[in-house]
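Take a look at the structure set out below.
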Amino acid sequence: MIENDVFKQDWRSRTRLQILQYILLKWTLTFLVGIIVGFTAFGINFAIENIAGYKFLKVNEYFQEDRIGLAFSILIVTNLVLSLFSATLVAFIGPAAAGSGVPEVKAYLNGMDAEDILSLKTLLVKVFGSIGSVSGGIYTGKEGPLVHSGSCIAAILGQGGSKRYRISWRWLRYFKNDRDRRDLITCGAAAGVAAAFRAPVGGVLFALEEVTSWWRCSLIWRAFFATALVSVVLQTSMAYCSDGGCGLFGSGGLIIYNIGDVSVNFRLAELLPVGILGVIGGIFGCMFTLINGRILRFYFALHTNNGPMIKILHVAIVSLISTALMIGLPWLGDCIECPTNIEETCPTTEKSGNFKRFRCPDGHYNDLASLIFDVNNEVVRNLFSVGTTNEFTYKTLFIYMVQSYGLALITYGTPVPSGLFLPIMITGASYGRITGMVMRSLSPGLSELDEGLYAVLGAASFLGGAMRMTVSICVILLELTNNLFLLPLTMLVLLISKSIGDLFNLSVFDQIIHLKGLPFLEEHADDYMKHLKAHDVCSSSLVTLDAVESVRKIVDTLQRTDHNAFPVIVKDEVTQQPIFHGLILRSHLLVLLRGRHFLASVPKDSASDATKSFKSVDFGKPGAGRGMSIRHIRLNPAELEMFLDLRPFTNTSPYTVVDTISLSKAYAVFRGLGLRHLCVIPKIQSGFPIAGILTRHDFIEEHILMKFPHLKRAKWTPLQVHLSAIRKVLDFRNLCKLS
C-alpha cells in the first residue's frame, strides 16, 4: 500500500458504511469466484466427457463390425482436428494460455506481473483449448488449466472487468491494489484445484504449499469459502445430470475414485515395498524433470525462432504420434477371459469401463485396450479399482507405463493448454499396481494391501518426486479416494519421493519458471549473498526528482527511463542539504500529468490543495494490459513550463535499509514483505541522502553473478568442503587399514 497524503486523507474520510462495503465486496467477489469456477469446471468436464465419449463409442462400434479402417480413420481425423483447433487458438489468439499455467500463476503471486497471463482472452483460450487438447487424444489433463482458469476469473473480477472490452464496474474501484487482487487470485487458484480434483481442502492446501508466496490466516477463510462453493456447484450439477440428461456425463459423485470401503491393513513387512515405491517415485520424478527440461529448451527455441505455424505443425506431429500409439499398442495386449464374479458388463459396451473387447472373441477383453481407449480420468479409475486381482498383466502395465512416461515427456511443452497431474498419476499408478502384483505373487499370505491401493501409493510417489509437494497431494489423494486409512502410507511415500527428488534438481513447475526467465524469488536467499552488501548490487543510474518539479523534467525523465519509482528529494530550509522525502511511482506521475493540475510557479510554503483534486482510487492499479504510457499524454508548450507539487503523492514511509546490510538480509526483507522497491540509504550521512533502490532484478542470480563472476565458485564452497571432508575420512580409514 502506498501511504501518501492522498491515501491517508481518503482512509480518514471513509465512513463506516464505506468500510462495510469494502469488507462485503471482498466476500462477494470470493463468492463469485467460487460459483463461476465451479460452472466453468462443469462445462469443461461436460464437453470433454461427451466429445471423447462419443468418439470412443463410435470407434468401438466399428471395431465390433470389423470396419477397422473406418474406426482408425475416425480416430485419426477427430484427434487431429480437435488438437489443431486448440493449437490454433493458442498460436493466434492467446499464446499465454499454452501449458498448464501453474508456473505463471505461481510467478504472479510471487510478485511478477506480466501482460496477458491473467487476461480475458487467455481465459477463453484456456477453457476451449483444454477441451480440444484433452478430448483430442493429446496425453494431457485439464487440472493445471483449471488452476490457471480460476486465477484468470479471479483477476478479471478483481480488476472490475476489462476496459479493453468495455466491461468495467465503478463500484470495484476500491479493490484496485496489488494486495487485494493477489489475495483474490490465490482464492481463484485454490478454487481451480478444488474443481479439478473435487477436493476443497486439498485446493486450499495446494494454494498454501505450492502457489502463493505470502499467506495470511484471514485468507484461509476466504479460500476455503471459495472451494466449498465449487464443491456445492459441482455436486448440484452432477445431481442434475445423474438421470442421463447430460449425455455421457453425469455418473459419479464428488469422490472420483471411491475406494473408501476397502480395508487398509498392512504389516511391517509391507513397509519395504511401500518405501521402494517412494524411492522409485523420487528417481522417476527427478529423471522426468531432467529430461523434460532439455526437451522444453528445444521447444522454447523452436517456438521463439519461428512463426505461429510451427506451433500448429508441432501439435499436429504430437497428435499423430499419440494417435499412432493409440492404434498400434492395443495389438500387443492379451485377450483375457472375463471374470465371473463382477457386476460390471464384460466386455464393456459403453464409453468407459475396465473390459474393452478390441478384436477379442466373445467373453474376453483386451486389458491394454481398456487403458488406451479411454479418457485419462477413467484410466485412473481403472488402475485404482480394487477387488480386481489379475485384471491386468505385467506386460500390459509395463507397456502402458513406458508409453505414459514417454508421452508425458514429449507432450508437456506443446503449445496447447495442457496439465501434468493426470499423466503423472497414471504413470505412477501403473508401476504401483505392478508392485502390488509382485507382492501378491511373492507372498500371497503376507500381503494385505489390494493392488488398487498400491496404484494409489504409486501415483503419490511420482507426484511427490516430480512436483515436490507433500501435504496438498496427500490430502487431495485422500479426498479423491475417500479412504482415510491410507494416510500413513501415503505420507511415507510422499516424504521419501520428495526427499530423493530434492537431492538432484528442482520440481517441474520451478524448472519451467527458470526456463522461461521469470524473476522468481525463492523462499530463502542463496549462501553467497551473505558475502555481499546491499550497495554492491544497486544500480548506478539513480534518477531523482525534486519535491516541486517542472513538468518538462518529469516528462523527459519518463521518456528516457523505464524506472517504475523515483526518489523525491527536498532541501532542508536551514542548511539547504538534500533530504530523502520518499518515493513516487511512475504510474502515479502519469496520473498527475493526465490530470493537469499544474502550478504556475514554485509555491513558497509546503501547503498544497492538490489532495482535493485526486482520490486514492484515481491511482488504482490498472487491469490486464499495458496500462497508461507517457506516449498517451500530450502536453502543450505552456503546460511543459509549469510545475507539479509531488509531496502529497509521495510515499513518505517506504521500506529502507542501510547500505551496509548484507544482501541476504535485504533479500529476506524484500521477499518477506512482498516489496517492489527497497530503498538503500547511506549509514553515514555525508553526501546524497539515498544510495540506491533495490528491485526484484537486483536479487536475481544471473544479475548478481554477472557483476561478481568469482562468486560462481564460492556458491558451491559448502558442497566442496563437504566432499573434501568425506574424502579425508576415507583416506584416513585406508591409512588405518594399511597400518
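Including glycine, each Cβ sits where the backbone N, Cα and C put it.
Note that TrEMBL annotation is computational and uncurated.
As the structure is a computational prediction, the values presented were derived from the model and not from experiment.
Going by TrEMBL, these are the annotated features:
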type	residues	note
TRANSMEM	22-48	transmembrane segment
TRANSMEM	68-93	transmembrane segment
TRANSMEM	184-207	transmembrane segment
TRANSMEM	213-233	transmembrane segment
TRANSMEM	271-291	transmembrane segment
TRANSMEM	312-332	transmembrane segment
TRANSMEM	405-431	transmembrane segment
TRANSMEM	484-506	transmembrane segment
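Touching of the transmembrane segment (22-48) and the transmembrane segment (271-291) is ruled out by the presence of fewer than three CB pairs under 8 A, sequence neighbours closer than 6 excluded. Sequence-remote contacts of a segment are chain residues at least 6 beyond its ends whose Cβ falls under 8 Å from one of its Cβ atoms, and for the transmembrane segment (184-207) they are 26, 29-30, 33-34, 37-38, 40-41, 105, 108-109, 118, 142-143, 146-155, 157-158, 175, 215, 219-220, 222-231, 234, 254-256, 419, 421, 469, 471-473, 475-476, 479-480.
Sequence-distant residue pairs (6 or more apart) of the transmembrane segment (271-291) and the transmembrane segment (405-431) include at least 3 whose Cβ atoms are under 8 Å, placing the two stretches in contact. For the transmembrane segment (213-233), the residues of the chain that approach it from at least six positions outside its boundaries are 26-27, 30-31, 33-35, 37-39, 41-42, 106, 109-111, 182-183, 186-188, 190-191, 193-195, 198, 200-201, 203-204, 207, 254, 521, 523, 671, 674, judged by C-beta separation under 8 angstroms.
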